[in-house]
Amino acid sequence: MSATFDSGTFSPDPGVGSRLRMLAVHTRTETLLALRHSEQLLLTLVIPLALLVGLTLLEGLVELPEPRVNAALGTVLALAMMSTGFTSQAIALGFDRRYGLMRRLAATAIPRWLVVTGRLGGMAAVVVIQVVVLSAVALALGWRPDGGSIGWALLLVLLGAGAFGACGLLLGGSVRADLVLVIANVVWFVLLFVGGIVVPADQLPGALGIVVEYLPSGALAEGLRSVLLGGTPGLGHVVVLLVWGAVAGLVAARTLKWD
Amino acid sequence: MGAQPAVEVRDLVVRYGATTAVDGLDLDLRHGRVLALLGPNGAGKTTTVEVCEGFRSRTSGSVRVLGADPTGAPEALRARMGVMPQGGGAYPMVRVREMLDLVAACSARPLDTGWLVETLGLASCAKLPYKRLSGGQQQRLSLACAVVGRPELVFLDEPTASLDPQGRHLVWDLVRAMRADGVAVLLTTHFMQEAEALADDVVIVDHGRVVAAGSPDELTTSGAEDTMRFRAPPGMDLALLDDVLPEGHLSKEGPPGHYTVSGHIDPQVLAAVTAWCARQGVLADDVRVGRRSLEDVFLELTGRDLRS
């Protein structure tokens, strides 16, 4: 493994690369890694798909308004955002930190805000794939979308991805990787069943039904079901998602550890 | 570049709470030179390097890196230096080429990443995720990341710690080539051989202080003109050797198998020692006159106690 190097091979010629290229390559890498990771795919695509089919076809599972496929699509889109933005993002960041990625990137000329932007870019690419795949399967199951509901639904998906993404960065960027793994998975399970995603808020017992409306899971799922069933989102849902996104984002920016 | 030093550290002090990691340290590194920071574990080597990289703040002292204060690691400065952190760093699931391409994208005119992967012997593990690479492969990737942006100054924190001998020689060849091309290299190591083989200047640190500094030659010759050292099987009866040595010479065994003869060393003494070894049926190995190994210097200065 001995090598001879031509004179001038390492002659210094440094310079900061193009920001756009940094962002493009970073986003591409993040996307590739998210799609290559089978456990993440299970969380982000397989489980939402299975749930979409199950909720639509198995009427006894959960009480849903007709047309069931519209409500089910709302449910699984909310789940998909939680999976990608929160659980998957937090775990990936936690382990990237453990493997010294942040220290490695901090030593290059890439600005820190771009590192975060690249991560969000990768997340956005996964969200697009999720929305396309889940919508296509919903169409096959009989979903008939109308123009107005799609616009509202996309807005809510965007806000939901932002709110969960900020929470994911907050958790993954501040705690030890093995702890991130536990917390991110437990929260995912809890919110899935009693956070307003699978079981709608009005079917949850007592105070819980009120509380979940203020969680990003409840606000997003309730909002999405409402607009996909032909209604408009409550202003409350939009505000809840905005507040979670802004607060978690600000705290994450302060607590994100670069080692 | 030119006359301006690549790294200039004066009276650096770094404290964490009650612990003083670095205690009044000076360093000078010019372009086209290799400086080795040598010291036992916990001597303050990594802390010093991290202060120079701008990733750790100092308690007091002055630090100039490429003419600027590195505090906070401003982007423009980071672009001019290459960093190989101890233990590397990458996405756990990333492949070698993807990681190197990402780091290369941060630089304006990076080296060809395909060529680097090939040259550093990483082509064979191209499909493996980072976390499945051997320690040596991870380390070579980390080195590739440090040099890919054509930096003026490179920090290598224990660059060969988990490499096999082939890998170590490859890294040495690369460091020599960078030096010849005018790159300034600051490396930390606890391999004496590495410092002897690569460094123009060696700074031995212990407990955060410089205990010796100079070229490997200066460090190994000073105060050692009247000694002869050799290696042989441990436990030889040196009383017999002293009998054949001229008056005023004394032999002793240091660490097992390391022998020293002190007194004026002339060709007759050298011949007497090797002839005596021959009569014992042993080969005197690694015979040095008037010169210690850097390891001897190091152990003399930093003691033989094991550091955690």
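Note: Cβ is positioned from N, Cα and C throughout, glycine not excepted.
Residues annotated as domain 'ABC-2 type transporter transmembrane' in TrEMBL: A:27-228.
What TrEMBL lists as transmembrane segment is A:41-58 (among others). Long-range Cβ contacts of the transmembrane segment (A:41-58) within its own chain (Cβ-Cβ under 8 Å, at least 6 residues beyond either end) map to 34-35, 64, 68-69, 71-73, 75-77, 79-80, 83-84, 87-88, 126, 129-130, 133-134, 137-138, 141-142, 188, 198.
Same-chain neighbours of the transmembrane segment (A:70-95): 33-34, 37, 40, 43-45, 47-49, 51-52, 55-56, 64, 119, 123, 126-127, 130-131, 134-135, 138, 141, 143, 153, 157, 160-169, 171-173, 175-177, 179-181, 183-185, 187-188, 191-192, 197-198, 216-217, 220-221, 224-230, counting only residues six or more beyond its ends whose CB sits under 8 Å from a CB of the stretch. Per TrEMBL, the feature transmembrane segment maps to A:70-95 (among others).
As annotated by TrEMBL, transmembrane segment applies to A:120-143 (among others).
Per TrEMBL, the feature transmembrane segment maps to A:149-172 (among others). Beyond its flanks by at least six residues, the transmembrane segment (A:149-172) meets 74, 77-78, 81-82, 84-94, 97, 116, 119-120, 123-124, 127, 131, 180, 183-184, 216, 220, 223-224, 227-228, 230, 232-233, 237-238, 241-242, 244-249, 251-252, 255-256 of its own chain at Cβ-Cβ distances under 8 Å.
According to TrEMBL, the transmembrane segment annotation covers A:179-199 (among others).
Under 8 Å from some Cβ of the transmembrane segment (A:234-253) lie the Cβ atoms of residues 116, 155-156, 159-160, 162-163, 165-167, 169-170, 173-174, 213-216, 218-220, 222-223, 226, all in the same chain and six or more residues away from its ends. The annotation transmembrane segment is assigned in TrEMBL to A:234-253 (among others).
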(message) Should anything in the same chain at least six residues away from the transmembrane segment (A:120-143) have a Cβ under 8 Å from its Cβ atoms, list it; otherwise answer none.
(response) 23, 26-27, 29-31, 33-35, 44-45, 48-49, 52-53, 56-57, 67, 69-70, 72-73, 76-77, 80-81, 84-85, 88-89, 154, 157, 161, 165
